[in-house]
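Data block below; observations after.
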Amino acid sequence: MHIAVAVSGGTDSLFALLQVLEAGHQVTALHAHFLSPHDTPETTAHNTQAIEKACRALGADFHVEDLSAAFRKHVIEPFIDAYRQGRTPNPCARCNASMKFGLLADTARKLGAQAIATGHYARLQPDLPRPGNTVSLWRGDDPAKDQSYFLSLVPQHRLACAVFPLGGWRKQDVRAHLKQRGIVPPLPSESQEICFIPGDDYRAYLTAHAAGLPGAGPMVLRDGHVVGHHNGLWQYTEGQRRGLGIAWSEPLYVLEKDVSRNALVVGTRKQLTARGCRCVGVNTLVPPDQWPDAVYVKTRYRQTMIAAQVTPDADGADTMRVIFAASHTPPAAGQVAAVYDAAGRVLAGGIIASVF
């Protein structure tokens with residue numbers, strides 16, 4: 001099988017390339033320029049040359065594709081718009097759905113590949129594409145690195161052409177295997193949380209790149225009592241305690257962002273609860289009539305799965321309503337809610353639109 005392997009130059013993607021090569025497939029190493037030099041000084045010709053050298057040394061053909069304009073349109077601009085609307089977006093999940101398994105996968109097909117492999121820590125069954133087959137997405141075997149949450153928005157037909165060689169590996173074993181083989185990744189450091197934001201400082205990035213962000217407004221309790229002023233809703237996240245600048249009899253937390261009033265609603269730890277959330281843009285990987293009675297959700301990446309009741313809304317097939325089995329810390333609107341069964345199979349994923 002001809003498989004394109006998405007390579008960034010890091011440990012995980014280089015190991016994925018090695019695994020696919022050693023399995024005997026025809027391989028093209030596919031490197032995407034998602035960021036232009038205007039977005040980051042780290043995207044340089046030197047890095048690309050180093051990545052190409054490493055890939056060719058392993059015996060793979062190498063191809064570079066400039067997708068920076070599309071990345072700005074499909075990932076960066078929606079990221080900025082979400083903050084303008086008082087939401088906390090998840091650009092990595094959007095990138096997986098629209099870029100890595102969207103436009104980059106399209107590039108792979110144009111190069112003659114039947115599948116695209118990446119360095120994600122997640123599993124697919126079956127593990128190799130088979131014509132006409134549907135696939136199921138599962139949590140990776142390394143609980144500390146599992147990335148199925150970020151993949152829950154990738155459509156079924158895209159996953160059907162994907163390969164995840166790292167799904168059954170743990171990160172420390174990946175590093176050890178490369179070291180044993182004497183293979184040094186050209187960009188060996190861990191990738192930052194959001195690739196287009198230097199130092200993961202989203203506030204500095206938005207200040208420099210986003211016009212029209214909402215300004216200061218009142219900070220209020222649930223009863224409407226004003227206890228202070230915030231510096232712009234985009235600078236806060238639900239559940240946040242630090243940085244509120246309020247002297248109160250007990251610690252206060254961000255309960256919600258009232259965009260209509262440009263008000264930041266705060267309250268005590270006891271008030272920091274939610275019964276559920278409503279999601280839009282739902283990507284269904286397993287038909288709901290095939291779901292087990294017991295399902296679970298994750299509304300944050302490093303969160304343990306929590307029991308919930310999940311049902312499609314009556315107003316459309318791409319929405320769903322999530323009711324937590326027990327009161328839960330409010331998730332942030334704009335984040336992903338991924339639905340699982342008890343064994344770790346991903347059933348669906350959607351964008352949190354509102355919390356109640």
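Glycine is treated like the rest: Cβ placed from N, Cα and C.
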Residue from Gly112, Gly119, Gly132, Gly140 that Swiss-Prot also lists as binding ATP with Ala6, Val7, Ser8, Gly9, Gly10, Thr11, Asp12, Ser13:
Gly119
Looking at Cβ-Cβ distances, which residues of the chain lie under 8 angstroms from Cys95 (active site, nucleophile) while being 6 or more apart from it?
Phe34, Phe71, His74, Val75
Let me know the largest Cα to Cα distance in Å among the ATP-binding residues Ala6, Val7, Ser8, Gly9, Gly10, Thr11, Asp12, Ser13, Gly119, as an integer.
12
So how many other Cβ atoms are close to His120 (site 'Interaction with tRNA'), meaning within 10 Å of its Cβ?
28
Minimum Cβ neighbour count within 10 Å among the binding-site residues Gly10, Gly119: which residue?
Gly10
